[in-house]
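**Q** Pasting the relevant annotations from Swiss-Prot:
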ACT_SITE  H701  active site, proton donor
BINDING   K18, N116, D495, Y518, R521, C522, W567  5-methyltetrahydropteroyltri-L-glutamate binding site
BINDING   I437, G438, S439, E490, D605  L-methionine binding site
BINDING   I437, G438, S439, E490, D605  L-homocysteine binding site
BINDING   H647, C649, E671, C733  Zn(2+) 1 binding site
BINDING   H658, D662  Zn(2+) 2 binding site
Amino acid sequence: MASHIVGYPRMGPKRELKFALESFWDGKSSADDLQKVSADLRSDIWKQMSAAGIKYIPSNTFSHYDQVLDTTAMLGAVPSRYGFTSGEIGLDVYFSMARGNASVPAMEMTKWFDTNYHYIVPELGPEVKFSYASHKAVNEYKEAKALGVETVPVLVGPVSYLLLSKLAKGVDKSFDLLSLLPKILPVYKEVIAELKAAGASWIQLDEPLFVMDLEGHKLQAFSGAYAELESTLSGLNVLVETYFADIPAEAYKTLTSLKGVTAFGFDLVRGTKTIDLIKSGFPQGKYLFAGVVDGRNIWANDLAASLITLQSLEGVVGKDKLVVSTSCSLLHTAVDLINETKLDAEIKSWLAFAAQKVVEVDALAKALAGQTNESFFTANADALSSRRSSPRVTNESVQKAAAALKGSDHRRTTEVSARLDAQQKKLNLPILPTTTIGSFPQTVELRRVRREYKAKKISEEDYVKAIKEEIKKVVDIQEDLDIDVLVHGEPERNDMVEYFGEQLSGFAFTANGWVQSYGSRCVKPPVIYGDVSRPKPMTVFWSSTAQSMTKRPMKGMLTGPVTILNWSFVRNDQPRHETCYQIALAIKDEVEDLEKGGIGVIQIDEAALREGLPLRKAEHSFYLDWAVHSFRITNCGVQDSTQIHTHMCYSNFNDIIHSIIDMDADVITIENSRSDEKLLSVFREGVKYGAGIGPGVYDIHSPRIPSTDEIADRINKMLAVLEQNILWVNPDCGLKTRKYTEVKPALKAMVDAAKLIRSQLGSAK
């Protein structure tokens with residue numbers, strides 16, 4: 001029985017690639033140094049899979065930045081601003097596309113489906129000249145072969161590539177990206193022919209777009225593309241791989257009748273309905289690559305349950321045509337549990353990172369072939385049993401509180417307009433009130449203080465003194481700038497999710513559980529393993545301390561339940577929404593303690609609310625209902641005069657505007673500066689919004705300092721579609737990553753612009 005891995009993390013068990021990339025970008029090491037680290041990582045990955053007994057080992061899933069950008073390089077589809085003309089694309093052009101350079105900006109980056117990984121979006125149009133400009137896929141296949149490892153080269157499929165692209169600037173909106181298929185397929189043919197000539201017997205084409213809601217003409221594009229490739233593919237075994245969701249019935253029909261294809265890969269973890277499609281009809285003589293090991297989470301597989309699923313499929317496709325696989329690339333999970341020396345032993349026994357998932361895939365394949373590793377299966381069953389019965393997982397009082405939520409929609413009893421009146425009486429704010437989103441710059445010195453306190457190198461007394469001094473500095477800066485609603489700057493926080501997770505029960509933290517987000521940037525998601533509760537107040541001390549330093553309103557700053565959920569590895573033994581409600585109840589306790597502590601403005605960030613939106617439209621309303629309900633649970637118990645803010649960190653939310661209104665926050669601030677028109681068009685089209693709203697007036701992701709006139713112009717554009725009595729003036733995100741030399745003049749320009757418009761409106765402060 002054969003085994004297969006869809007893809008593997010690139011960063012290395014201790015983020016070796018991250019440090020090699022950043023050293024190269026900083027000019028501290030050479031291209032040769034970077035290539036050496038990369039080659040060593042690839043070699044280790046291939047040898048590890050080979051030693052584990054994996055039959056179909058992927059190559060070309062390694063990348064210096066992103067696999068879609070690698071495909072853009074392969075096709076020579078470099079936007080003209082990067083100065084590439086012909087030949088082989090080098091690292092300078094490649095990294096300029098990814099990161100920009102001194103004279104040109106980077107290409108756009110966006111989320112890879114509903115994961116926390118991001119890809120570089122190709123910019124395409126009728127003028128793009130395609131050419132075979134990166135031989136990476138062939139080179140890496142040959143590199144593995146030279147090490148004695150036979151691999152399956154992986155390419156992003158041609159139709160998914162085009163559907164993941166965007167129109168280049170200036171291209172007519174009516175242009176159909178799929179009309180470029182005849183231009184890119186010749187390059188695919190060249191690559192495939194070279195791989196065949198180099199000795200490849202299998203090739204994997206990733207076509208994840210098959211799981212989306214696609215119109216008929218898009219499905220036809222797949223049929224046409226593979227018919228065109230058929231003669232080039234002949235003599236090869238061809239796997240078309242899909243992942244991240246169920247495949248719709250119509251798409252399944254199209255996929256399983258593609259010409260020139262010998263195998264089909266499916267995510268059977270998130271795509272359980274796909275199992276029914278397979279059982280109701282699978283093409284005879286074709287291979288099924290069954291993704292039963294979860295590539296997106298860190299839990300040990302239920303081997304016995306997976307084996308039952310696989311055995312039921314064996315009868316449909318035949319013993320020699322069933323291949324055990326991962327649900328998607330292991331890129332989306334952590335690298336290796338072996339590096340977790342400090343993690344609690346019981347919790348550790350419940351986990352499997354990428355390296356362990358490779359072993360699970362092999363164990364399942366062997367068990368299917370009648371060679372069960374009894375001790376491995378027994379240890380797995382024991383770990384699952386311990387997880388089910390552990391008192392650390394179940395907290396009865398949390399279960400009761402969550403069960404009691406049923407039957408209420410947790411809305412505040414008073415309408416938002418009356419609440420805003422009560423808040424204005426208390427806060428006495430000018431029109432166009434100014435505020436910031438929460439964090440202030442985190443200096444080297446501040447990070448040192450936090451690090452030393454964590455390592456017990458300085459006392460708690462010294463730590464508290466240092467943080468109080470930092471808060472005082474931030475308060476004084478805001479008062480000097482004449483900002484209306486202040487923040488404490490969050491100097492005590494390293495990360496907006498980890499900070500809360502460390503203080504909530506039911507969370508565990510890894511030392512090396514890093515996952516690539518984009519380029520060299522990695523995130524280390526907390527692990528939610530049990531029922532979530534709040535043992536004691538988390539932020540009240542710091543917020544009250546900050547409020548005591550000023551007469552102006554001080555915002556309490558919390559991360560919302562949906563964002564905590566979407567940025568964590570979440571337990572898989574109960575529905576996600578149940579875990580979210582538990583987090584919401586913990587945040588509710590904190591909100592009420594902040595209110596008791598004299599904090600009259602409380603911000604509950606939901607930066608990642610849209611990120612959790614399912615891929616398929618049919619599933620949107622259920623997700624949005626429980627996500628919005630979770631937010632309302634957090635603040636349904638406060639007085640009318642307590643002002644609840646939320647912040648959202650993305651621009652493209654026009655399709656969920658009604659859910660955002662349904663959150664019933666008093667004020668919403670939104671990352672907007674890069675897409676003014678998109679956001680304002682919603683209100684221009686007549687969406688009625690009566691609560692406070694603060695679309696970001698300048699982009700904090702850039703070091704550029706905006707002028708007063710520029711911000712005033714932005715405010716005027718907003719006033720054209722929004723009432724002056726609900727508009728707030730704020731940057732579009734937190735200021736944590738900026739320097740004080742950038743922040744002070746930018747905030748001054750913002751406050752001056754607000755005052756200028758106030759005076760023009762005849763309502764000077």
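The backbone N, Cα and C atoms fix where each Cβ goes, and this holds for glycine too.
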**Q** Could you state the whole-number distance in Å separating the C-alpha atoms of Y518 (5-methyltetrahydropteroyltri-L-glutamate binding site) and S439 (L-methionine binding site)?
**A** 22
**Q** List the same-chain residues at least 6 positions away in sequence whose Cβ sits under 8 Å from the Cβ of G438 (L-methionine binding site), in sequence order, or say none.
**A** V487, G489, E490, K555, M557, Q603, D605, H647, G734
**Q** Round to a whole number and give the Cα-to-Cα distance in Å for the pair D495 (5-methyltetrahydropteroyltri-L-glutamate binding site) and I437 (L-methionine binding site).
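**A** Cα of D495 (5-methyltetrahydropteroyltri-L-glutamate binding site) to Cα of I437 (L-methionine binding site) measures 15 Å after rounding.
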**Q** For the L-homocysteine site as recorded (I437, G438, S439, E490, D605), determine the largest distance between any two Cα atoms, in Å, rounded to the nearest integer.
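**A** Between the most distant Cα atoms of the L-homocysteine site, 13 Å.
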**Q** Where's the emptiest Cβ shell within 10 Å among the binding-site residues I437, C649, C733?
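**A** Per-residue Cβ counts within 10 Å for the binding-site residues I437, C649, C733 bottom out at C649.
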**Q** Can you tell which of the recorded positions K18, H701, C733 lies nearest to I437 (L-methionine binding site) in space, using Cα positions?
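**A** Nearest listed residue in space: C733.
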**Q** Where does R521 (5-methyltetrahydropteroyltri-L-glutamate binding site) sit by DSSP, helix, strand or coil?
**A** strand
**Q** Relative to the Cα of C733 (Zn(2+) 1 binding site), which of the recorded positions K18, N116, W567, D662, H701 has the closest Cα?
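**A** With Cα distances computed to C733 (Zn(2+) 1 binding site), the winner among K18, N116, W567, D662, H701 is H701.
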**Q** Between the Cα atoms of S439 (L-methionine binding site) and H701 (active site, proton donor), find the distance and write it as a whole number of Å.
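**A** With the alpha carbons as reference points, the distance is 13 Å.
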**Q** List the other residues in this chain whose Cβ sits within 8 Å of the Cβ centroid of the L-homocysteine site residues I437, G438, S439, E490, D605, in sequence order.
**A** T436, V487, M496, M557, Q603, H647, G734, K736
**Q** I want to check the contact list for H658 (Zn(2+) 2 binding site): same chain, sequence separation of six or more, C-beta distance under 8 angstroms. What comes out?
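**A** Long-range Cβ contacts: V687.
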**Q** Under 8 Å between C-beta atoms and at least six apart in sequence, can you list the same-chain neighbours of R521 (5-methyltetrahydropteroyltri-L-glutamate binding site), or say none if there are none?
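**A** The answer is K18.
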